[in-house]
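Engineer: Can you keep this structure in mind? I'll have questions shortly.
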Amino acid sequence: MGSNKMEVASVNIDLESDEESPLTLSQSAGLKQSFQFEATHTSVPKTKSQVLRKLQYTAFHSVNVVLFKAKINVLLPFGPLAVLLHYLTGRHGWVFFFSLLGIMPLAERLGYATEQLAGYTGNTVGGLLNATFGNATEMIISIYALKNGMIRVVQQSLLGSILSNMLLVLGCAFFTGGIVHYPKVQRFNQTAAIVSSGLLLMAVMGILFPAVLHFTHTEVHFGKSELALSRFSSCIMLVAYASYLFFQLKSHTNLYDSVDEERENNGDDSDEEEIPEITMWEAIAWLTILTLWVSVLSGYLVDAIQGASDSWNMPVSFISVILLPIVGNAAEHASAIMFAMKDKLDISLGVAIGSSTQISMFVIPFCVVVGWIMGQPMDLNFQLFETATLFITVLVVAFMLQEGTSNYFKGVMLILCYLIVAASFFVHVDKSGEYHIYN
């Protein structure tokens, strides 16, 4: 009996200690939180000199991270060198080459700053920002060329950007992701990919009909109906892209966040490592500075295209469709591969396919409208060869995306398709009045 009483007493003591443990834990947590609050509160600088030192430290840290940390920034001096060569020698081949080299690190740093900004906005908005600022280079180059009346350069450089993003950038992302995560099959948001494929097919339709109208000679008013159809279709495409943004960012955000949420639930440790290295306002400031410098170099790059073609004995179509987009897409290329290696294929698709969608449904129609304002006859007739290339490319990529999975072999196929396209434009002669300047 005495032993039973002792056992009951011990059980009661254990129960009481168990009931009191949450309170003691919460009290200790509260003490820790109050201590942390006091520590952080007392660590805030109180004098002006301390505030200035902190601002100087953050400024030096930001400059060091953006300008000196990346190895590709070794190419930054080639930009000012291209400007000097333009005024001192006038050798267009070297000016064009050094301008290309100078723009490459700027495009990559644009992607880095956008990625840092995306850390404060989320994956969906981050992918959209990455595509937008990644396309800033192509858009600036196009506006400069359009201002100089080089309409075919505008058309072919934008076409090349679409082909490069859909075949080369996406192919490299699939390939590297498939190799790094072999034998795992990577998955992405199938619904979002199908929506993007539908938009790309709509863009092909908008570009196809003016070309068909031109080559079948069925215009009501020769030379005018094609341009009028292009401007009308451009306005429709801009409305469609605005509707797509509303669909993506407002009405159906769950379609774009579902796969990301599953991955965050399955692997929280990987997300904890991704802390932005610079603040949001520093990222915005760097985006502004880099975009301005890209716009300056783009002017010299466009001026040297024809001279580079003559001195290198290389078709302007190859320079416009292959070389310019590879440089302009450096940001997308680096970002898509990096995210694919981290098994975040939805962001890679948002960068590669999202960039192609943005160029085809926004940048190209926008250039048509800007040309309309400038008095330049910019239209959607990209000629038969270019339009057929775009149509087949969209079909190939749409078939690759319909399963919602990727592997290294799909990446190899896309890269090899891009090599075929590059070889085709190397032997292609543009017969649409060549690259004369429209006045």
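Quick reminder: no glycine exception, Cβ is built from N, Cα and C everywhere.
What TrEMBL shows for this protein is this:
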TRANSMEM  70-88  transmembrane segment
DOMAIN    94-249  domain 'Sodium/calcium exchanger membrane region'
TRANSMEM  124-146  transmembrane segment
TRANSMEM  158-180  transmembrane segment
TRANSMEM  192-216  transmembrane segment
TRANSMEM  228-247  transmembrane segment
TRANSMEM  283-302  transmembrane segment
DOMAIN    283-425  domain 'Sodium/calcium exchanger membrane region'
TRANSMEM  314-331  transmembrane segment
TRANSMEM  351-374  transmembrane segment
TRANSMEM  380-401  transmembrane segment
TRANSMEM  408-429  transmembrane segment
Engineer: Pairs of Cβ atoms less than 8 Å apart decide it: which stretch in 70-88, 192-216, 228-247, 380-401 has the most with the transmembrane segment (283-302)?
Structural biologist: 70-88
Engineer: Among the recorded stretches 70-88, 192-216, 228-247, 380-401, 408-429, which has the greatest number of Cβ pairs closer than 8 Å to the transmembrane segment (351-374)?
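Structural biologist: Counting Cβ pairs under 8 Å, the winner is 228-247.
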Engineer: Go through the chain and flag residues at least 6 beyond the ends of the transmembrane segment (70-88) whose CB is under 8 A from any CB in it; none is fine as an answer.
Structural biologist: 94-95, 98-99, 101-106, 108-109, 112, 293, 296-297, 300-301, 303-304
Engineer: Let me spell it out: take the transmembrane segment (314-331), skip the flanking residues so only those 6+ beyond its ends count, and list any with a Cβ under 8 Å from a Cβ in it.
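Structural biologist: For the transmembrane segment (314-331), the nonlocal Cβ contacts are 100, 103-105, 107-112, 114, 130, 133-135, 137-138, 141, 152-153, 156-157, 159-161, 163-165, 168-169, 301, 305-306, 308, 355, 386, 422, 425-426, 428-430, 434-435.
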Engineer: Please figure out which one of 158-180, 192-216, 228-247 racks up the most CB pairs under 8 Å against the transmembrane segment (408-429).
Structural biologist: 158-180
Engineer: Using Cβ atoms and a strict cutoff of less than 8 Å, what residues sit near the transmembrane segment (192-216) while being 6 or more residues removed from its termini?
Structural biologist: 166, 225-226, 229-230, 233-234, 236-237, 240-241, 244, 247, 255-256, 346, 349-350, 353-354, 356-357, 360-361, 364-365, 379-384, 387, 390-391, 394, 397-398, 401-402, 404
Engineer: Give the residue counts of the domain 'Sodium/calcium exchanger membrane region' (283-425) per reduced DSSP state, in the order helix, strand, coil.
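Structural biologist: The counts are 120 helix, 2 strand, 21 coil.
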